[in-house]
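Written out below as structure tokens is the structure these notes cover.
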């Protein structure tokens, strides 16, 4: 038990913690020095009052420092969502990652099992024949050889074992629900990140700015998803050069049609993998257009495309040329190599 943490729990309930106070508090959590009651008390005090940018940044800083790091190629990007939107869509960010990698941009994707759908990124990749339970060294090999690597959160954040049981018992959202996209083990400086609430995109952009990100789009779909929506306008907070610009983005701005939300609702990992394979073969429809929209945004963030319409063209070529499909096959081979 940490006696030094106890007063901070009461403090957190009444005022924002300074960055130094918050870093100390999360150091206690990640070192296993806090009791389950102290962990729960701190997390709920923050949740009830509302976490600040400094508190998010402090937690992310400590979590990054304790993770198993990965070296990524220059210019690597992460394409990730917080999860937790409860919408059960097809695996859009996962498919987007392979399309972007097929366009020549290194993708260091951080992810986990299902949070907001029946099939999270790791579930879909496993169904596609990839081994996601690999360590940092193997991920580095994938990034260098294939230009894409998947970092399974539990394989890179061992300190989370101390707080996992408490999170499960609390059964409610805490600060940890948004830390995943802020704690990429490869330390990427560019990312396309979705949030389960529009109220999070500005604070998350401010956190990434404080942590040294160069360019990022934080997005929330108008259909309630943690990605750019193909059925409605989306909210965007774009970080570049330390400045944050907020705007609405409609699919038609990228030259794409609007589709009913129901057309991107997913199912089991096997069903989602089947849809993913069809997309890689060039099947048209709402799923492909949703992936093209998100891939276009990622290509803009990566400075691979000057605008969304050009990004859609590049992403379309990645699919139709077979480049995205080839990335899946190569990553499957590399992750299953003896």
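Cβ from N, Cα, C; glycine included.
Taken from Swiss-Prot, the feature anthranilate 1 binding site covers 81, 112, and the record attributes it to sequence analysis. The 5-phospho-alpha-D-ribose 1-diphosphate binding site feature in Swiss-Prot is assigned to 81, 84-85, 89, 91-94, 109-117, 121. Look at Swiss-Prot and you will find 93, 227 tagged as Mg(2+) 1 binding site. What Swiss-Prot lists as anthranilate 2 binding site is 167. The annotation Mg(2+) 2 binding site is assigned in Swiss-Prot to 226, 227.
Features recorded in Swiss-Prot, as mapped to the structure shown.
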{"residue": "81", "record": "anthranilate 1 binding site", "DSSP (3 states)": "strand"}
{"residue": "89", "record": "5-phospho-alpha-D-ribose 1-diphosphate binding site", "DSSP (3 states)": "strand"}
{"residue": "110", "record": "5-phospho-alpha-D-ribose 1-diphosphate binding site", "DSSP (3 states)": "strand"}
{"residue": "167", "record": "anthranilate 2 binding site", "DSSP (3 states)": "helix"}
{"residue": "226", "record": "Mg(2+) 2 binding site", "DSSP (3 states)": "coil"}
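For residue 226 (Mg(2+) 2 binding site) paired with residue 110 (5-phospho-alpha-D-ribose 1-diphosphate binding site), the C-alpha to C-alpha distance reads 15 Å. Fewest other C-beta atoms within 10 angstroms, among the binding-site residues 89, 93, 112, are seen around 112. Listed in sequence order, the binding-site residues from 81, 93, 110, 112, 167 having a Cα within 10 Å of the Cα of residue 227 (Mg(2+) 1 binding site) are 81, 93. All protein chains considered, the CB of residue 81 (anthranilate 1 binding site) has 29 other CB atoms within 10 Å.
Neighbour counts were taken at the CB atom with a 10 A radius for the binding-site residues 110, 167; the maximum falls on 110.
Counting other C-beta atoms within 10 Å of each candidate's C-beta, the binding-site residues 226, 227 are led by 227. Residue 81 (anthranilate 1 binding site) and residue 89 (5-phospho-alpha-D-ribose 1-diphosphate binding site) are 12 Å apart (CA-CA, integer value). A gap of 7 Å separates the Cα atoms of residue 81 (anthranilate 1 binding site) and residue 93 (5-phospho-alpha-D-ribose 1-diphosphate binding site). Note: the CA-CA distance between residue 167 (anthranilate 2 binding site) and residue 93 (5-phospho-alpha-D-ribose 1-diphosphate binding site) rounds to 25 Å.
The CA atom of residue 112 (anthranilate 1 binding site) is located 12 Å away from the CA atom of residue 93 (5-phospho-alpha-D-ribose 1-diphosphate binding site).
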